[in-house]
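Working notes for the structure below.
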Amino acid sequence: MPALVLLGAQWGDEGKGKATDLLGGSVDYVVRYQGGNNAGHTVVVGDQKYALHLLPSGILSPGCTPVIGNGVVVDPSVLLSELSGLNERGVDTSKLLLSGNAHIITPYNVTVDKVTERFLGKRKIGTTGRGIGPTYADKINRVGIRVQDLYDESILTQKVEAALDVKNQVLTKLYNRRAIAVDQVVEELLGYADKLAPFVADTVLVINKALENDQVVLFEGGQGTLLDIDHGTYPFVTSSNPTAGGACTGAGVGPTKISRVIGILKAYTTRVGAGPFPTELFDADGEALRRIGGERGVTTGRDRRCGWFDAVIARYATRVNGLTDFFLTKLDVLTGWEEIPVCVAYEIDGKRVEELPYSQSDFHHAKPIYETLPGWSEDITKAKSFSDLPKNARDYVKALEEMSGAPISAIGVGPGRDETIQINSFL
Ligand code: GDP
Ligand code: IMO
Ligand code: MG
């Protein structure tokens, strides 16, 4: 019963979509377990490029059943438009399963996300504005709306009333906005019910039965380890658990079922939105990484902040996720640098620190201590095996592996499915 978790080891956008799609042909189920349409996962198949937000990247593999688990927050309008966009491009989406326990991102959650960010001003998180935080807040406050509520008008109305009771006070009195009408929200949500009905299922049962029957299930994380609400750079995080434990709660499987945890790791570092980032570059190298790596957000179109590889973060990701493997992506982007600095430790208030500090203030003060590795100039995009890489590229990979604490089992040398060097099999 192989169950694999595939997650981001840094601040998101590591290439999870490509990695998931690559495995999609060999797995029976791909399950999203947290986050929502704040994610932007790019998959390149031949000359076709897909940007997925809510749908698991397994949707593009015909033999694979894509599942949206209970831990995901779902904006029904986004889900339906993503499905119809794929249908128009000839992708069959009929196998999709949607947990009846997943929470719904309502229009008022989106409004609250945007107004709170505006209200925070300089202290804003830089959210994607998709209603993610407020929807998870409603879930924890027990005033959330779940997919199953769309099928009982009376319960739905009571729940929307309960949620809007306080929110309308806040919106009108604090934020100077118009109150949101309960009837309008209920009507909009009911309008999605029939369209979503064919997909709604007891996904926990389906996934566990699949594992009992020795089928292969892949859990696909959104965001990344450092954006985790518990283990990330709080408060500059998302409102869910992308780390490995999130796969258990967000899909309803026991930890004993998980056999492999693969961390997707970019060969350098990027971040979108606010928050600390020790290796961030503000110079021509940062600009070059952004340009060569195409580092622009898939969801919001914002430029990604770019910096050198940070081994302290990679070690931390290995620890909090119990990583068994890394998938190192975008190695090709580093081609052409004569030397490549890698952050091996931090200097914090005059002291050398080897591990990620738990204190937010310490992390804000962390300055990278770099070791410089020799670069390479050969084109590596056609490399099919590790030995095809030039020596300096091989040494770079080996150095990262040693510093990061888990084997690098695959290397991305381009965005396409086949632009991958597989070192150890994931299955
Ligand atoms: P995700 O959110 O983790 O799925 O990552 P994104 O899709 O937001 O960003 C990763 C970007 O890098 C996408 O444009 C991918 O097509 C691209 N990509 C993934 N792996 C590689 C790689 O090995 N090399 C290059 N050059 N691009 C890659
Ligand atoms: P994928 O899955 C990168 C960031 C936002 C913001 C913070 C909180 O493509 O890797 P939110 O809207 O979640 O409340 O925003 O988290 N963020 C991401 N950054 N990749 C993502 O997803 C992200 N999803 C959220 O930029 O800083
Ligand atoms: Mg992304």
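Every residue number used here counts from 1 along the chain in the order it is shown.
Note that Cβ sites are derived from N, Cα and C of the backbone, with glycine treated the same way.
The annotation active site, proton acceptor is assigned in TrEMBL to D13. Annotated active site, proton donor per TrEMBL: H41, in sequence order. According to TrEMBL, the active site annotation covers K139. The feature GTP binding site is assigned by TrEMBL to 12-18, 40-42, R304, 330-332, 412-414. According to TrEMBL, the Mg(2+) binding site annotation covers D13, G40. Annotation comment: TrEMBL describes D13, E14, G15, K16, N38, A39, G40, H41, T128, R142, Q223, T238, R302 as IMP binding site. Per TrEMBL, substrate binding site is recorded for V298, T299, T300, G301, R302, D303, R304.
Features per TrEMBL, on structure.
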residue : record                       : Cβ within 10 Å
G12     : GTP binding site             : 30
D13     : active site, proton acceptor : 28
K18     : GTP binding site             : 25
T42     : GTP binding site             : 18
Q223    : IMP binding site             : 30
T299    : substrate binding site       : 18
T300    : substrate binding site       : 16
G301    : substrate binding site       : 8
R302    : IMP binding site             : 13
D303    : substrate binding site       : 13
In the structure shown, which of the binding-site residues G15, G40 has the fewest other Cβ atoms within 10 Å?
G40
Tertiary neighbours of R304 (substrate binding site) (same chain, Cβ under 8 Å, six or more apart):
D13, T270, R271, V272, R290, E295, R296, G297
Around G15 (GTP binding site), which of the listed recorded positions (H41, T128, K139, T300, G301) come within 10 Å, judging by Cα atoms?
H41
Give the distance between the Cα atoms of D303 (substrate binding site) and K139 (active site), rounded to the nearest whole Å.
31
Cα-proximity to N38 (IMP binding site), 10 Å cut-off, over recorded positions K18, K139, G301, L331, V413:
none
How many other Cβ atoms sit within 10 Å of the Cβ of T128 (IMP binding site)?
24
Got a sec? Which of G40, K139, T300, the recorded positions, have CB under 6 Å of any ligand 3 atom?
G40
Listed recorded positions adjacent to ligand 2, that is, members of G12, D13, N38, T42 whose C-beta is under 6 A away:
G12, D13, N38
In this structure, which of the active-site residues H41, K139 has the fewest other Cβ atoms within 10 Å of its Cβ?
K139
